[in-house]
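Enquirer: Dumping the structure here so I can ask a few things about it.
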């Protein structure tokens, strides 16, 4: 059920940054470290490679009963039976995506303002990804979003909000009391030598309320 999705530690992949030989290894280690949700994001991969990667990664997420979200590529999400799709403001409109994937799939939408977040909720998004909260090398064109704006978005929408953008073990503590449901992380997990322990550390920092 979509209402029971755990967004706490949301892994976003990037095969160019991973420290392992395969995406499957990276994803499995991240899940072992506590990642609760996985998004396959491969902006430079060919359609064939993306499709194959999605099949391979889904074998891992299915094994551990962790939802798999596909970034942008609705066709691939449907082809492999992924749990949902995440789209940005420059991708296919979220309302159109919802019509294509139906109501049973998870729909995540990126938003950098209160207005965009409210709009995303109205068209049927299940969660909102807000960022970039910190400087990030994985999305150099991302506009910065302040912690203040993040908290305003949390107050204005009733669906889960996930923080994204440059989140790591040093700054994750700043997000603990913002009201967000989870943190989405790329390089601070997938590019680390010990992916499992890196995920465990981030989870401990974010979840620990001390």
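Backbone N, Cα and C define each Cβ position, glycine as well.
Source: prediction; values computed, not measured.
As annotated by Swiss-Prot, 4-amino-2-methyl-5-(diphosphooxymethyl)pyrimidine binding site applies to 39, 40, 41, 42, 43, 71, 110, 139, with the evidence given as sequence analysis. Under the heading Mg(2+) binding site, Swiss-Prot lists 72, 91, citing sequence analysis as support.
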Enquirer: Counting other Cβ atoms within 10 Å, pick out the least crowded of the binding-site residues 42, 72, 91.
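Expert: 91, out of the binding-site residues 42, 72, 91, has the fewest neighbouring Cβ atoms within 10 Å.
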Enquirer: On the three-state reduction of DSSP, what should I expect for residue 71 (4-amino-2-methyl-5-(diphosphooxymethyl)pyrimidine binding site)?
Expert: strand
Enquirer: So for residue 71 (4-amino-2-methyl-5-(diphosphooxymethyl)pyrimidine binding site), how many other CB atoms are inside 10 Å of its CB?
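Expert: By my count, 21.
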Enquirer: Provide, as an integer number of angstrom, the distance between the C-alpha atoms of residue 72 (Mg(2+) binding site) and residue 39 (4-amino-2-methyl-5-(diphosphooxymethyl)pyrimidine binding site).
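Expert: Given the Cα positions, residue 72 (Mg(2+) binding site) is 10 Å from residue 39 (4-amino-2-methyl-5-(diphosphooxymethyl)pyrimidine binding site).
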Enquirer: Return the single residue from the binding-site residues list (39, 110) that has the minimum number of other CB atoms within 10 Å.
Expert: 39
Enquirer: Taking only same-chain residues 6+ apart in sequence, whose CB is under 8 Å from that of residue 43 (4-amino-2-methyl-5-(diphosphooxymethyl)pyrimidine binding site), what do you get?
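Expert: Spatial neighbours, sequence-distant, of residue 43 (4-amino-2-methyl-5-(diphosphooxymethyl)pyrimidine binding site): 71.
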Enquirer: What is the Cβ neighbour count of residue 41 (4-amino-2-methyl-5-(diphosphooxymethyl)pyrimidine binding site) at a 10 Å cut-off, with all protein chains included?
Expert: 22
Enquirer: Name the residues of the same chain, 6+ apart in sequence, whose Cβ is under 8 Å from the Cβ of residue 40 (4-amino-2-methyl-5-(diphosphooxymethyl)pyrimidine binding site)?
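Expert: Spatial neighbours, sequence-distant, of residue 40 (4-amino-2-methyl-5-(diphosphooxymethyl)pyrimidine binding site): 13, 23, 50, 53, 54, 57, 68, 69, 70, 71, 82.
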Enquirer: Just the number: how many Å between the Cα atoms of residue 110 (4-amino-2-methyl-5-(diphosphooxymethyl)pyrimidine binding site) and residue 91 (Mg(2+) binding site)?
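Expert: Cα to Cα, residue 110 (4-amino-2-methyl-5-(diphosphooxymethyl)pyrimidine binding site) and residue 91 (Mg(2+) binding site) are separated by 10 Å.
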Enquirer: Please report the DSSP secondary structure of residue 39 (4-amino-2-methyl-5-(diphosphooxymethyl)pyrimidine binding site), reduced to three states.
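Expert: Residue 39 (4-amino-2-methyl-5-(diphosphooxymethyl)pyrimidine binding site) sits in a strand per DSSP.
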Enquirer: Where residue 91 (Mg(2+) binding site) and residue 42 (4-amino-2-methyl-5-(diphosphooxymethyl)pyrimidine binding site) are concerned, what is their Cα separation in Å, rounded?
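Expert: Computed Cα spacing between residue 91 (Mg(2+) binding site) and residue 42 (4-amino-2-methyl-5-(diphosphooxymethyl)pyrimidine binding site) is 14 Å.
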Enquirer: Can you tell me the three-state DSSP label for residue 91 (Mg(2+) binding site)?
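Expert: Where residue 91 (Mg(2+) binding site) sits, the three-state DSSP reduction gives coil.
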